[in-house]
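Enquirer: As listed in Swiss-Prot for this protein:
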DOMAIN    64-93  domain '4Fe-4S ferredoxin-type 1'
BINDING   73, 76, 79, 129  [4Fe-4S] cluster 1 binding site
BINDING   83, 119, 122, 125  [4Fe-4S] cluster 2 binding site
DOMAIN    110-139  domain '4Fe-4S ferredoxin-type 2'
């Protein structure tokens, strides 16, 4: 049964002697191979040679401290709400008497976890934070053997005392 009345006539063209022995195809393939031989190699020897990161690269998270060493995070939860991967978990608590040197505001994050396996490193948490507490550094997230090691708590996230929180010049866009 014919569905259309269009038909195409196929002509069986006779191949020449050169086409039958595939010499032109072999020569053109060798020319392509030889042209790639003299181009710059894309592969680098990784441990010895490392490429520079892009200017806007986002790596490992840091919870920043202020000049007095107090945590900037006030557990407002905007970073967790803005995270499209739902990788951030926050539990808020009130600052107790005598903890003024540890936390900047009355409310602080008693639990702050980022699941690095879920995180897509989009930087929305950094942009949403009104206190500039969350910061994405240029540091790579190290490889681990267990999944639970990729859930970073405050022990891995809080900026160590006496270190700079701005190793790169990239600043997130804020209005």
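Glycine residues also receive a Cβ, built from the backbone N, Cα and C atoms like all the rest.
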Enquirer: Can you give me the same-chain residues 6 or more apart in sequence from residue 119 ([4Fe-4S] cluster 2 binding site) with a CB-CB distance under 8 Å?
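Expert: Result: 61, 83, 85, 87.
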Enquirer: Other than 83, 119, 122, 125, which residues of the chain come within 8 Å of the [4Fe-4S] cluster 2 site, judged by Cβ distance to the Cβ centroid of those residues?
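Expert: Going along the sequence, the neighbours come out as 79, 82, 84, 85, 87, 88, 114, 120, 121, 123, 124.
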Enquirer: Please report the number of other Cβ atoms within 10 Å of the Cβ of residue 122 ([4Fe-4S] cluster 2 binding site).
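Expert: For residue 122 ([4Fe-4S] cluster 2 binding site), the 10 Å Cβ neighbour count is 15.
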Enquirer: With residue 122 ([4Fe-4S] cluster 2 binding site) as the reference Cα, tell me which of the binding-site residues 73, 76, 79, 129 is the closest one.
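Expert: The smallest Cα gap between residue 122 ([4Fe-4S] cluster 2 binding site) and any of the binding-site residues is with 79.
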Enquirer: Other than 73, 76, 79, 129 themselves, what residues in this chain have Cβ atoms within 8 Å of the centroid of the [4Fe-4S] cluster 1 site's Cβ atoms?
Expert: 74, 75, 77, 78, 90, 109, 125, 128, 130, 131, 133, 134
Enquirer: Please report the three-state DSSP label of residue 73 ([4Fe-4S] cluster 1 binding site).
Expert: coil
Enquirer: Where the distance is taken from Cα to Cα, which of the binding-site residues 73, 76, 79 turns out closest to residue 125 ([4Fe-4S] cluster 2 binding site)?
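Expert: When the Cα distances are compared, 79 comes out closest.
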Enquirer: To which of the binding-site residues 73, 125, 129 does the lowest count of other Cβ atoms within 10 Å belong?
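Expert: Fewest other Cβ atoms within 10 Å, among the binding-site residues 73, 125, 129, is found for 129.
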Enquirer: Per-residue pLDDT averaged over the domain '4Fe-4S ferredoxin-type 1' (64-93) comes to what?
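Expert: Averaging the confidence scores along the domain '4Fe-4S ferredoxin-type 1' (64-93) gives 93.
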Enquirer: Just to be sure I understand the packing, how many Cβ atoms besides its own are within 10 Å of the Cβ of residue 83 ([4Fe-4S] cluster 2 binding site)?
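Expert: So the Cβ neighbour count for residue 83 ([4Fe-4S] cluster 2 binding site) comes to 20.
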Enquirer: For residue 79 ([4Fe-4S] cluster 1 binding site), list the number of other Cβ atoms lying within 10 Å of its Cβ atom.
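Expert: A 10 Å sphere around the Cβ of residue 79 ([4Fe-4S] cluster 1 binding site) contains 26 other Cβ atoms.
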Enquirer: Going along the chain, which residues six or more apart from residue 76 ([4Fe-4S] cluster 1 binding site) have their CB under 8 A from its CB?
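Expert: Long-range Cβ contacts: 107, 130, 131.
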